[in-house]
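As structure tokens, the structure follows; a few thoughts come after it.
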Amino acid sequence: MKGLILALVLALVGAQKRDLEPIFHTGKTYLYDYEGLILHGLQGRGLVIAGVKLTCKLQISRVSRSDHLLQVQSPKLEEYHGLWPLDSFTPSSKLTETIAACFSQAFKFEYNEGRVGSIYAPEDCPVLCTNIVRGILNMMQITIKKSQNVYELQEAGIEGICQTRYVIQDDSKNNRATISKSKDLTDCQDRAVKNTGMAYIRPCPTCPLKVRNVKGTVMSTYKMKYDDSGVLITFATSEQVYQVSPFNEPDGTAGMEARQALVLVDIKSTPINVPEAQLQNQGSLRYHFSEELLQMPIPLIRIKNADGQLTETLRQLVKNNEEGDTKESSAKFLQMVQLFRLVTLDQINSLWEQFASEPPYRHWFLSAVCAAGATDTFQFLKQKIHDKKLNIWEAPVVLPLAFHFVMPNKQTLEVASSFLTCPQIQKAPMLRILVYLGYGSMVNKYCAQPSFCPNELLQPLHDLAAEAVSRSHAEDMALALKAIGNAGEPASIKRILKFLPTFSPAATSLPSRIHADAVLALRKIARKDPAKVREISLQIFMDNTLAPNVRMMACVVLFETKPALPIVAAMATSLLSETSLQVASFTYSHMKALAVGRIPQLYNLSAACNIAIKLLSPRLDRLSYRYSKVIHAGGYSHVYKAGAIWRVYLMNSPNTMFPSDIITKVRGYYANTATDIIEVALRSQSLINIIRQQNIPFAEYDTYKTLKELGKTFLGWKELPPEDPLVSTYIKILGQEIAFVDIDNKVIQQTIMSLTGSSNWQPVVKKAVEEVQRGISGQWTLPVMVAELRHVVPTVVGMPLELSLSGTMLAQAAAYVDIQLSPPLSDNFRPSQLLETNTDIHADIQPKVYFHMIATMGINMQYFQSGLEFHAEFSANTTMKFDATVNMKEKNLKIETLPCHQEVELAAVRSEAYAISRNMEEVDSEKKTHILPEGEITSIFNQKFQSSEISSRAESWKQRHIPSVISKGHQQASEEEHRHSVGQRSYARVFCRELSSLGCSACLSLKSRNSAFLRNTYLHKLVGELEAKIVLKPVHTDADIEKIQLEIQVGPKAASKIINVASSGSKEEEETSLYENIKAKLKKILGIENVFKVANKTRHHKKQIHSKVKTAVTDLWVEPSANPLSSSSSSSTASSADGNEPEDKHENEEIRQFGKKHGSSSRSSKGSSSSSSSSAGSDSSTICSSSRENSSGDKHCSGDSEYPNQQAYLPIYQFWFKPADEQDSQREVLNSSSSSSSSSSSSVSDEGISTAMSQPKFLGDSKPPILAAILRAIRRNEQPTGFQLVLYADRQPVRFRIQIFVSSITESNRWKLCADASVINSHKASGSLKWGTDCQDYHIATQIATGKFASHPAMQMKLVWPKVPSSVRRTARWFYRYLPGAAYMLGYSQRQQRGPSRQTTMVMALTSPRTCDVVLRLPELTIYNRAIRLPLPFPSSPGTLTSVLPSPDWDIFSQTTFSIIENLKAHCSVSQNVITTFNGVEFNYSMPVNCFHILAQDCSPELKFLVMMKRLEEAADLMAINVRLASHKVDMYVSNGRIQLKINGVQTPTDVPYTPNASMLISSEKEGLSLKAPEYGIDKLYYDGHRFEIRVAFWMAGKTCGICGKYDAEKEREYQTPSGYLAKDAVSFAQSWIVSEDACAGACKLQHRFVKVEKPVAFDKKVSKCFSMEPVLHCAEGCSATRTIPISVGFHCVPADSTLNPEEAQMRLDQKSEDVVSTVDAHTACSCEQQSCSA
């Protein structure tokens, strides 16, 4: 036992872990060799790589317990540029000398227990050298846990504090230990990173790490050696890898690989001398970013004389621009931006004084100053605006750009705050708006990084809001809220709440648009404090007292916070009882849009919305267009982790038929980020008041006064508040509102006054015409820095890795336009004079756009650059030089231009990828090589970089064991790569279309040379050279073209233009009268005779074919047999139709086919028909004993069963369309089995197509052309060439027909295009297009018809293509390939069903006013869907589209449009006891006798009309109405069985129309009277004694009141009383609109009274008495009720001992709460025998 214990003790002692913390002994100097390498490149063989290598010797000495000295000796910097590893490193001696200078003194650092503390450097040491020292010391950062060998922790380093994993292998026997550690650079607690220009890109903190497109890791290995007093680092390696995948492809990555090696060489006993100079504390190991603005991704510039260099660059820039060298201009512009970042304010002012007076230099100067974004450039712009040096056009452009590009810091924010108080900006409203919005954006960018934003930055915005409230200035309130919204700081929430009535009662009086702006100001705050904004927006959303548009805005903000399922469920629950259908529809539509989204960042929200819509769909899924909606479109690629959504928020107002607020936005998603790209909003308020004429003085009429007095009789009457017309719009870019405009009637009038000095608009037109006459001449240039995004992270070597994206755009326009009018404008100008003038225009316009984007990855410093650059360019250039003559009186337009004389590049897209190496000391020795080198790629195997010095000392730690992301492709070269090793994948092709008659050809050139053969990724496809351009080239012909002329003649002189063109080229014709044989001449010139000759010949051949087979040939619309026995003949038909066989062979083949069909049809028809009827169901006994085809090619079967019975059993795709003009009234069905047989027995030709399209009728035989257009090329000493177009039209009352002929004006060219379209009757239209030689080569025909489909009104569209070009067939096959998938994605059903081979049919059947069925029949596929929702209600009564109208009008389409518009208008009707309101709510109500009810009234401030109704005493079903319009009192009633009419108390005959003025008409209609007063808002009123109906205008939406309702689509709030209270039932609602009369003088004895509950009510555990919230009908004093009806009434309760009585509470009950709902009796009839009335 003692031996066992001893063994255990010895084992325990031996197992104790030795101390692994590295130490350096005092008095000794440790010598190390150090090597650092950075490489940038793409995965794959044979691609150029760029990099740098730093080698040096290190001396480390300990001077105290924790203080150590580091001396860097013999630094050597080398550049690598070429194919790895064939090319060698290139020493950079001058740059080495620069770096060696900063290492001349020793550095001090604190080092204790393996951790590096503070670092001390010489005072003037550059940041680069200090960071290189950080990279060296970072290798010695080791955190040891004595009790564990494998552990994880957050460790500080040069990259920040990141997750680190340690693995320790202790080899005590050999006194050695190995430590391995790895860092995950995507999992950092405090990461060292610098982002510039990315404040508007929102990261997703909840997204998984695998979604990120930038990934990095660091792997380090240490070899430790034990000695007597500690552990010594003998060897250390470190490798850092960053992978950047722009398209989120696993194999499509660009990589940065940084390696370090540290090897112990020697240990000396002599310590390092302590530096005499004072060292400055430079902080910890964490990488330090320079405070200076970063280097632009352009060639480095050695600054010698900044003023001179700027001057020279600007002069070269303007010169390049004038020469049209846009590429060089863009490069020089970036150089200017870089130079402006380096110069001082005085230098900028000096340059401005030199170039300000020269416009070409001035534009470039201001654009570069804005893009520089430095403090001095920002201060310069402020000074120039203060000194009024910028004109009214420059300042609005400069300010948004300057605020967008300025680097936000304390200095620039101080300058920005001084903009706010600048007097010149305060005086200009537009500049003031731009500055405040820009300041808010600056605050947002400055506070994007730190967690705390200083309140003093927000104070100017808060002060503006407070001042606006104190002065009740709505414009300043809106500006303050929008600027606060741009800032997006949670500290502003309290200020915003003061503008919301839910949280501040004082805000109730503010306009609703201010409430909406306050809600939208919370959107950006939600990104920083979503919980608080979610709480606020939910309360606003639930507040029913707010305007619907405010609540809908709150819904948008609420969903921006990504609420969880409980909140979404709470919203859904509230919508089940929501009284505002606008809010309910909008929220439900928004939920549906979110539910179908596939964005990963919104998965949880989408799932919650999916659950919510299942609860809401039964109630809200079928709301019409009148209600607010959200339109959503978008997509997301899970492969590339990118997507975009487009949304349109349509917020309808109760006061308008159409949306009052429209917001559209586009949001992009990339990796784990989201960006609001653009958002545009339009808000309109009472816009119709501006459009509608308001010349009627409504306030002066008696009706206005009567309605004012009548309103006083209703307790709590509330007139609609007046609304000032307003149109407001704003635009947001990258989530920041950059501008908004509010336009009202006052602004419009002020604008006109400022332009002309008069409020009349005619002088404005005259002044504009005069300005145009003076001509336009000049050259404009707008260079803009579109974007500058940077993401900078440190490397382990101590140099920064930069990922950047920069873009510049250059827009140019040179224009010279001269316009002459004859005769000149007279002094008493009228716009109609322009229709009698001749206009000559001479124009030379040259617009040009150039866009250049640079994406970089690598080291980008002021000392040197090394990495990868990707350049993409887009250019568009055109020249419009022409002379035009416009003769309005003669209806003639002539345009002349020059032909193509030289090659012009219209548009081009180019991209190139380079590896670059530059250094400041050798600016002229730039290395810039294509990543994909020219020539063949040789087979190269992987050879790792390995320093000879280090490998000789550490043979066992070879570089091949270090993973390499860049050269990974060398090790994994596949067989496919070896096959491609002989060359590159390149592509070059040119597509040209030559127009020889015009002397031009357009070419599309495509060139590509990329590295996709290495890896088939998008990144490798872009690496190389890509080019796509569209070029316009001249075509060399026998005779030179002098000019190209286009002439258009409209009217009776059109024919003469065609004849003149032809006769101008013919000198042998004798001169005759212009009108002699004009028709024959036109036929000959256009070649129409040949067209109709061929057509007649074709018909003659067809007649012979018909005679041979004794029957008719199936024409275009007839469906061929689908019988399998005729498949071979069908295929032969298809081949012959392509035109590959001679015409006679085609005719013979057609005879053979028809004979087969005719012979087989009789054998199969009966059997097929029987089988079809049996398949329809047991209740259907239809037998197709005799089948046929109608004129539209549709099948019909007659039988005993009714069509609706068949519909119940047959699917929709088995029904066939029946045209409305069919005389057969039987309803016929054809299923799939009878389809085959009945089609083979058809023998009737299509009347619609064959008659209308093939009839030999040339409209020119009876009609002159109405339009002629000639496009010709005028040649020297030759006949002109070109084309001519002629348009004929036949406008008959029953039939309308047009013909278009296009032909060559060269006699030898017989190519023509013939188009013919006609309306056959009131239900059918057809068209045909033929082209080729005499219009006979190719043919397409179409037909549109109305009729029935499964007993529903329907429309059918057919398209047939007997012969089309091969290119069209290829396109159709490509489309057909994707059609089934697209139909499936859209929710359509499909069925493989064989149909006619060259025919497509689509049927749309209206099954209800808001739904339709669609069936699309293709040759081999049928696609169908049922109950598709329509955006607008269509008339769907039986026979709506199919009944033949008695009117000769052929335009069924215009009648349908008219019916739709009439369906949209509001109708209110009363028929006996049934009342239907404007909103479509129907209820029963029995009117008390002799009491007038207000049916409809204008409740707007104009008070234009009043319509009242009462039930007559002598008959229960008779009623009388009273209408008040202007100064007219109209009474319509029934007396002695006849309709009577009184106007202002005077009896008026009803058989003669009564028109007291142009705005009102009363006439007899059917059995009653109609009244029309559209200018007063009444489109039509109809009365016949038993029935009443009123239809009001669109612009009366939301402005009516009465029993007919408010016409606001809010059906849930239909029962509103005059005070706005929502009645409990229809009876109490209708009774509230009874007009009280004098109890003695009037016939109505009912009056409104407040009532109270007589018995005590226990409310709130107290005995209370309750008073009604609304008055109840009671008989007048002295009268008793003879008939009552129970109604539900709300009551407000007070303590029983209260002295409050109903009379005292009348004025205050509307402000009290509703406590109890009870049933009371309302009086409906009275007996007044005891009534006492004074004589």
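Cβ from N, Cα, C; glycine included.
The disulfide entry in TrEMBL for C162 points, among C129, C188, to C188. Cβ neighbour count for C204 (disulfide bond): 17 (other Cβ atoms within 10 Å of its Cβ, all protein chains included). Cα of C188 (disulfide bond) to Cα of C204 (disulfide bond): a distance of 15 Å. Looking only at the disulfide-bonded residues C162, C188, the densest Cβ neighbourhood within 10 Å occurs at C162. Of the recorded residues, C204 (disulfide bond) and C162 (disulfide bond) place their C-alpha atoms 19 Å from one another. Over the domain 'VWFD' (1466-1641) the predicted model carries a mean pLDDT of 88.
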